[in-house]
Amino acid sequence: MKKNNRVVVGMSGGVDSSVSAYLLKEQGFDVIGVTMQIWQDKDEEAVRVEGGCCSLSAVNDARRVANKIGIKYYVMNFKDVFKEKVIDYFVDEYLRGRTPNPCIACNKYIKFEELLKRAWMIDAYYVATGHYAVKEYDEERGRYLLKKSVDTSKDQTYVLYNLTQTQLEHILFPLGKYKKDEVRELAKNLGLPVASKPDSQEICFVTDNDYGKFIRENAKEEIKPGEFRDTRGRFLGYHKGIIHYTIGQRKGLGISVGKPLYVVDIDAENNVVVLGYGDEVFGDELISYNNNFISIDKLEREMRVKAKIRYNAKEQDAVIRPLEDGKVFVKFDNPQRAITPGQSVVFYDGDIVVGGGTIERKVR
């Protein structure tokens, strides 16, 4: 595609994507706002008024912003591919005893794959979002780099580590050099109707934050109760289905042995949830798969990095080493709490995202 200045901005109806659209228009881009319709409750008539990024209120907010700043605006249907790539994945991972991150899957398959395809269909060279991240081209490496946002408290590079070089060429992150307070202040000064709208906190398609209920309603198999066992294999009691548990969990176990117990492993094949004491939740080695690298073409030798194993975690000193089949062995300098299969581990070199992958298992 020939390079041009047309950009599709993914508009969720929130302040970040709204200000992103405004900033790009001010920079001279031909801006088209798009809200992705990605999920609907089973009762199609019951359109949610509040909540997720495809709710009626979100569409109305995005349309009002588009009218205010003077850009074209469309709602596009992504329901089928969202169900396949995000919903089904989310449910299947829980059924396998893993804890998925649907936002990472949505970014990988929907926002920066499917939306980019739609953008190209309407002759737009770029896609932009309200993510707090920085994209730069490094002449020396001949690669695009993904770097942390100026506002480190809002940095979202953890959920963007899957981006490819082709995708990065066509992506814009207008908010990377701004702090959240500055974005809200700008929205307020512009009179944008979403200036004071709170940030979304929950997974957009789980309306009441009840993951178990959502999985039961969307699973293709029955959720069966099973056994709690300790790390030596001794029976402790019964659980209500592995979908209700995640590594490091303490609440809601219903088991009392005089000392606090935590989920330390989930054996989906045998429908067993393994419980242990606090020190048994920690580990310093893991293996990741489905790895993607951004600052380097591939991991060819041992490399010292900072790594983190969940979105809100602090980065920790670690060494990464390539394994067969594209997997990566990660050794932390210090034990980490609740290394959770299904979550992502992301590697950093200062402000630069080296890459990352999905946690397959804790080694020890």
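FYI, residue positions are counted from 1 along the chain as it appears here.
Backbone N, Cα and C atoms are what each Cβ position is placed from, and that goes for glycine too.
Swiss-Prot names GLY10, MET11, SER12, GLY13, GLY14, VAL15, ASP16, SER17, GLY130 for binding ATP. Of MET36, MET76, MET303, the residue it gives for the same site is MET36. When secondary structure is read from DSSP and collapsed to three states, ASP16 (ATP binding site) falls in the helix class. Geometry remark: MET36 (ATP binding site) versus CYS106 (active site, nucleophile), CA distance 11 Å. Between the recorded positions MET36, CYS204, the minimum number of other C-beta atoms within 10 Å of a residue's C-beta occurs at CYS204.
In this structure, the CA atom of ASP16 (ATP binding site) is 25 Å away from the CA atom of GLN343 (site 'Interaction with tRNA'). Of all Cα pairs drawn from GLY10, MET11, SER12, GLY13, GLY14, VAL15, ASP16, SER17, MET36, GLY130, which the record names as binding ATP, the longest spans 16 Å. The Cβ of CYS106 (active site, nucleophile) has ILE38, PHE82, LYS85, VAL86 as same-chain neighbours under 8 Å, each 6 or more residues away in sequence.
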